[in-house]
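Taken verbatim from Swiss-Prot:
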type     : residues : note
COMPBIAS : 506-524  : compositional bias 'Polar residues'
COMPBIAS : 533-544  : compositional bias 'Polar residues'
MOD_RES  : 259      : phosphoserine
MOD_RES  : 431      : phosphotyrosine
MOD_RES  : 499      : phosphotyrosine
MOD_RES  : 509      : phosphothreonine
MOD_RES  : 514      : phosphothreonine
MOD_RES  : 518      : phosphoserine
MOD_RES  : 522      : phosphoserine
MOD_RES  : 536      : phosphoserine
MOD_RES  : 539      : phosphoserine
MOD_RES  : 541      : phosphoserine
MOD_RES  : 543      : phosphothreonine
REGION   : 506-570  : region 'Disordered'
């Protein structure tokens, strides 16, 4: 599938670049070599390369050179209740590049009952005009019927979308039923697409929200109190179950709790094709801030599923990410201003949900996982770039340093230290949930489409230069096992002769019996006769009809060795 063209959008001219003296880090190996790039592609890798004149040389001085990051979960320029997130595609992708990310995958969120295709085209128009780096799109399924099914099929086959998200929460807005979940997973599995889920039990959340408000809890702490992690875990388990029944690969977005992460880990060990996506927030910070006395600060952390109030959760999730039980990372970058958040100042259920994280994602993971010895540099590349490229069928064009791959590269300094502050981040949001954190590891140089985007701490970006990258269905990384299981899972009826015995006539149901066609009771157990209360056996004389009949609960004492009345069956 080729790149999609755009009209009247400035194109960047790729530089001829030579990176010398760097240590190339892929997900499976690290080695020293030089890299020559031209026309936005990697042309040569090796020592003593022969390159044309006029090449710009970048001295890596032994620093790591790795594939540019891929942020698989963003919400740039997203409309919400008459508002729009403060970071549009220009500001959002600019922040991404500042943190070492050279491609993002944004979520298209159609209004309920509206066209998925029209929403997709709207997102394309916004992103084509403003994105500074390459991008792809997920499409969220916010309602379900035959018309939506046809749109999903068209988006998958014609529009370069291979992932669709459904919501198990947001009752009466986006939430799908279990039956719809089954139908959607079946459809996506047939298309070779990836089923993503926002996993929370929306029915229970609605009840808990009402209970919190009745108790007078209206602040941001009500958000986490009404969404305990058990509700995330229950939905994850349910989604895994439905995905297994439909033989559809499952992708759990925003893994926020230990319980949810454990369920994904256990399911993978049992052979389920399921992927888990923790986000910058769940990897870098906890939910104790919901109880801050400063309402604006507490509200800045409101996202769903909520951050866990257990302060050991980020370390735990980083460990599972390092071990491969969770496979990749996103940021779920969805920023609202404090004034926008304040529409819920008297009711936590009205606070717009979302946090920052696109710029901080790679440094947070390096600081929390690599610098602490949980994962090595190759695993870091896997969870920030390569696994995403494999899952969404972008590999090896993205996510790898190899001849023929896109020249999206990052020269990474593991010793660099930066202190996060809203005063100097690229996001428009006036608050940063990682404020004051000292993070080890940062990009020195960022190259996207063969063009230097970040150098010496200065950004050089071009609005609208980002390309839409279509994602083809049936990714081998995702579907190889699914295809094999389909061949093995063909169901066949048992060959047997025709039954020619007696058949009970349901039309002659006795008076007082269960009406024909009733589904009450077990279909395999005959229903006991219904007692006619007008023909009661109770007598005032003291002698009853059932006198002498042993009660089922009455114990009979048998002699040693037991008492037998069984006759021979021979």
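Glycine too: its Cβ is placed from the backbone N, Cα and C atoms.
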Worksheet item: What does DSSP say about residue 259 (phosphoserine): helix, strand or coil?
Response: helix
Response to the item:
residue 431 (phosphotyrosine) and residue 259 (phosphoserine), compared by Cα position, are separated in whole Å by 29
Worksheet, complete the sentence: For the modified residues 431, 499, the largest set of other C-beta atoms within 10 Å encircles the C-beta of 431
Fill in: Local Cβ density at residue 259 (phosphoserine) - other Cβ atoms counted within 10 Å
19
Worksheet entry | Reduced DSSP assignment, residue 499 (phosphotyrosine) | coil
Worksheet item: Using DSSP, would you call residue 431 (phosphotyrosine) helix, strand or coil?
Response: coil
Practice prompt. Give me the Cα-Cα distance between residue 259 (phosphoserine) and residue 499 (phosphotyrosine), rounded to a whole Å.
Written response: 50
